[in-house]
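**Student:** Here it is: the structure, laid out below.
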Amino acid sequence: MKSVLFTRFFILLPWILIVIIMLDVDTRRPAPPLTPRPYFSPYVVGRGGARLPLRRGGPAHWTQKRNQSRPQPQPEPQLPTIYAITPTYSRPVQKAELTRLANTFRQVAQLHWILVEDAAARSELVSRFLARAGLPSTHLHVPTPRRYKRPGLPRATEQRNAGLAWLRQRHQHQRAQPGVLFFADDDNTYSLELFHEMRTTRKVSVWPVGLVGGRRYERPLVENGKVVGWYTGWRADRPFAIDMAGFAVSLQVILSNPKAVFKRRGSQPGMQESDFLKQITTVEELEPKANNCTKVLVWHTRTEKVNLANEPKYHLDTVKIEV
């Protein structure tokens, strides 16, 4: 009996040793990291704790759906372009006044400057000035006939009409974009707020002008949002007793009235503004700006006449300096 047990023991002994060796090798291997693998449940928890099956597409699909359901931001409306027509002529203070005006225009968004010289040809001074100004601009020129240069006659008529003709020609073969026309003389001072006010002009807008007409200011009189008269120091009987710097016109109105221009024949001194506005609007249609015409945002600040009594006629400076 003992011999049988010993025989079986020796038969199993090799297998027992093999098992012990394998167990010893497995225990010496490094343990796997304890970080659990991510688990994605095939269900989502709905209202009341109910388990709902996960939709196809996953979380990225849900985000896309949420973004599609949100209202998309609307594009901002196009800002109307302000077209500023500026007549100018050669004089000692010309560059100084154009510099002041350009410094203002640089701070106005979407502005196109139409600079019209009273000359038979474009001058080098103004051409160089505009090239350095860094503004969207158009440089025109047209001379005033000598017979209209007498004292007391309206000035800059031909230059303003040249600016009007350029605008109409520019937009004759294309759909006019939103725009506003403003006659910006170079001897005025403009608040930036004025350009913000005029940009919403639907037809013709008006506002006060400071230091004009022998008074501290002139302005339209407004009642219940409508112009009913004029506070002015000169000829209050004018249909539109207003200065050239006191109104703006929608570009569409200019294009819809191709014959509206500043007139030489039949127009009395100081009546050009009134004669022009009569062609395109009525007093009842005027749009008061600048807090119902109670704020002055433009001033008629003519530069003081320069005293050049000591300017030498002979033995001039050897260096040529542009003033």
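Placement of Cβ uses the backbone N, Cα and C atoms for every residue, glycine included.
As listed in TrEMBL for this protein:
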- 6-25: transmembrane segment (TRANSMEM)
- 55-79: region 'Disordered' (REGION)
- P87, T88, Y89, D118, R155, R160, D185, D186, D187, H300, T301, R302: UDP-alpha-D-glucuronate binding site (BINDING)
- D187: Mn(2+) binding site (BINDING)
- E218: site 'Interaction with galactose moiety of substrate glycoprotein' (SITE)
- E273: active site, proton donor/acceptor (ACT_SITE)
- N292: N-linked glycosylation site (CARBOHYD)
- N310: site 'Interaction with galactose moiety of substrate glycoprotein' (SITE)
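Quick one: where do these features end up spatially?
**Tutor:** The local packing around D187 (UDP-alpha-D-glucuronate binding site), expressed as other Cβ atoms within 10 Å of its Cβ over all shown chains, amounts to 15.
In sequence order, P208, V209, V212, W230, Y231, T232, G233, A241, I242, D243, G246 are the residues near E218 (site 'Interaction with galactose moiety of substrate glycoprotein'), counting only same-chain partners six or more apart with C-beta under 8 A.
Counting only same-chain residues six or more apart in sequence, the Cβ atoms lying under 8 angstroms from the Cβ of E273 (active site, proton donor/acceptor) belong to F240, I242, D243, M244, G246, F247.
Residue environment of N310 (site 'Interaction with galactose moiety of substrate glycoprotein') contains 5 other Cβ atoms, counted within 10 Å of its Cβ in all protein chains.
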**Student:** For D187 (UDP-alpha-D-glucuronate binding site) and N292 (N-linked glycosylation site), what Cα-Cα distance in Å is obtained after rounding to a whole number?
**Tutor:** 25
**Student:** How many Å lie between the Cα of R155 (UDP-alpha-D-glucuronate binding site) and the Cα of N292 (N-linked glycosylation site)?
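**Tutor:** Per the Cα atoms, R155 (UDP-alpha-D-glucuronate binding site) and N292 (N-linked glycosylation site) stand 30 Å apart.
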**Student:** In Å, rounded, how far does the Cα of N292 (N-linked glycosylation site) sit from the Cα of Y89 (UDP-alpha-D-glucuronate binding site)?
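**Tutor:** Cα-Cα, rounded: 34 Å.
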**Student:** Just to verify a number: CA distance, T301 (UDP-alpha-D-glucuronate binding site) to N310 (site 'Interaction with galactose moiety of substrate glycoprotein'), in angstrom, no decimals.
**Tutor:** 25
**Student:** Looking only at Cβ atoms, how many others are within 10 Å of the one on Y89 (UDP-alpha-D-glucuronate binding site)?
**Tutor:** 17
